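Student: Please read through the structure below; I'll follow up with questions.
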Amino acid sequence: GERDEEEEHHSLETFTFYLSEPLSKERVEAFSDGVYAIVATLLILDICEDNVPDPREVEEKFHGSLLEALSEYGPNYLAYFGSFVTIGLLWFVHHSLFLYVTKATRLMGLLNILSLAFIGGLPLAYQLTSEFAEKSHNEIEAIQVSCVITFFASIFQFAIWTAALLHERETLHPFARYGGKEHAFMFAKLALYPCVSLGAFFLTCLLSEFSTAIFHLMQIVIPFAFLVLRIFVRISLTVIKSVMSLSRRKVVLLEEEEACLSPTETLS
C-alpha cells in the first residue's frame, strides 16, 4: 500500500512538471511561420480562382473594360485584404511575443497549437465575409463566426504570454518581465484583438442592421490602433512615473522639514 501511494505521488509530480518542461523555441517558431504562410497562401488562391472575371465576360458584359469588371468584385477584395491584414497582424504579434521569449515550455507550445488551429480558420472567415456583395441572408452569422475565430486565435496568444509570465525568470528577457515598459506594451498589444473582436461580436448582436459596417470598421481601425498603441502606452507610463515622482518628492520634503525641526517641535 505504501509503495502504491509513492508511485501515485511520483506520477502526479511528473504530470505537474510535464507542462513546464522546456521545448525547442526554434521549432515552435518554424512550425508557426509555416502555418501562417499556408493560411496566407490559401487566401490568395481563393481570390485568384473565384474573384477574377472571365475574359469573355469582360468583353461582353463590360465592353472590354477590365477595371469595370474588377470593380464588381470590390467587396470580395475588401474582405480579402481585411483577412490578410488580420493574419499579418496576428503573425506580427506572435513574432513580437516570441522575440521576448528566451525558452519555450510545453504549455506554451500547446497554447500555440490551439492558436494556430483558429488561425487556420481565417480562410473560412474570408469565404463567409466575401459573400457580402451577394447580399446573402447570413451576414450576421458570418461576422460572428469571423469574430469568434479571431477572438480565440488571439486569446490563446494572450495565454502564451500569461504562461511565460508564470516562469518569467526562465522564459522571458529581463526587460520584458512584469512591471517593465515592454511588458506593458506587450500586454496591451495582446489584449487588443480579443477586446475588439469580442466587442464587435456583441455589437452585431445588439445592432444587427449595422453589422457589416461594424465588421469593416473593425478591420480598418485595428491596424491604426496598433500604431497608436505604443504612443498611448508611453504616455500612460510617463504620467504614472511623473505622479510617482511627485509623491516621492513630497515625502522627501516632509522628511527634510521634520529633520529641521527641534525635538520639542516634533513632539508637539
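Residue positions begin at 1 at the first shown residue.
Even glycines carry a Cβ here, placed using N, Cα and C.
The following feature annotations were taken from TrEMBL:
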{"type": "TRANSMEM", "residues": "77-100", "note": "transmembrane segment"}
{"type": "TRANSMEM", "residues": "107-126", "note": "transmembrane segment"}
{"type": "TRANSMEM", "residues": "142-166", "note": "transmembrane segment"}
{"type": "TRANSMEM", "residues": "187-207", "note": "transmembrane segment"}
{"type": "TRANSMEM", "residues": "213-240", "note": "transmembrane segment"}
Student: So what's near the transmembrane segment (107-126) in sequence-distant terms, Cβ-Cβ under 8 Å and 6+ beyond its ends?
Tutor: 19-20, 23, 28, 31-32, 35-36, 38-39, 42-43, 46, 79-80, 83, 86-87, 90, 94, 101, 142, 145-146, 149-150, 152-154, 156-157, 159-160, 163-164, 171
Student: In terms of Cβ proximity under 8 Å, which residues at least six beyond the ends of the transmembrane segment (187-207) contact it?
Tutor: 89-90, 93, 96-97, 140, 143-144, 147-148, 150-151, 153-155, 157-158, 161, 214-215, 218, 221-222, 225-226, 229, 232-233
